[in-house]
Amino acid sequence: MRTLWIMAVLLLGVEGSVIELGKMVFQETGKNPVKNYGLYGCNCGVGKRGKPVDATDSCCFVHRCCYKKVTGCDPKKDRYSYSWENKAIVCGEKNPPCLKQVCECDKAVAICLRENLGTYDKKHRVTMKFLCKAPESC
């Protein structure tokens, strides 16, 4: 089942260390990250760029900008460690500096998505790229 979930995430193109990011989003929001955020708005998912459609989509925009600041590793592929302690994400102490940055980016987007659950709109669950307005710069 885990392999099937990973394949689904890869096919939809969710950025970040797929397993960790997906777990964080689920832990913080209680939502399936692939179904609910894989194609959401103009910034959630790979290859999507554009003016955010709402606060939820803005979380993904900020996440993309956070990844642009990471140097020394591939935030889309390299894995890191983290734990879920007392309903809070804790990035692993033994992560190298680059992966600590990636973990913090992923933690921030997961928390942002939780904090903006009230702005989540099912009509934006599948937004086609051509409908997005010119992207904003970080």
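Using the three backbone atoms N, Cα and C, a Cβ is placed for every residue, glycine included.
As given in Swiss-Prot:
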SIGNAL    1-16  signal peptide
DISULFID  C42-C132  disulfide bond
DISULFID  C44-C60  disulfide bond
DISULFID  C59-C112  disulfide bond
DISULFID  C65-C138  disulfide bond
DISULFID  C66-C105  disulfide bond
DISULFID  C73-C98  disulfide bond
DISULFID  C91-C103  disulfide bond
SITE      K122  site 'Important residue of the cationic membrane-docking site (MDoS)'
REGION    122-133  region 'Important for membrane-damaging activities in eukaryotes and bacteria'
SITE      R125  site 'Important residue of the cationic membrane-docking site (MDoS)'
SITE      M128  site 'Hydrophobic membrane-disruption site (MDiS)'
SITE      K129  site 'Cationic membrane-docking site (MDoS)'
SITE      L131  site 'Hydrophobic membrane-disruption site (MDiS)'
What Cα-Cα separation, expressed in whole Å, is found between C138 (disulfide bond) and C66 (disulfide bond)?
9
Taking the Cβ of C98 (disulfide bond) as reference, which residues of that chain separated by at least 6 in sequence fall under 8 Å from it?
V70, T71, G72, C73, D78
Using other CB atoms within 10 angstroms as the count, which residue among the recorded sites K122, R125, K129 scores least?
K122
Helix, strand and coil residues within the region 'Important for membrane-damaging activities in eukaryotes and bacteria' (122-133) as assigned by DSSP:
6 helix, 0 strand, 6 coil
By CA-CA distance, flag whichever of C42, R125, M128, L131, C132 among the recorded positions is nearest to C59 (disulfide bond).
C42
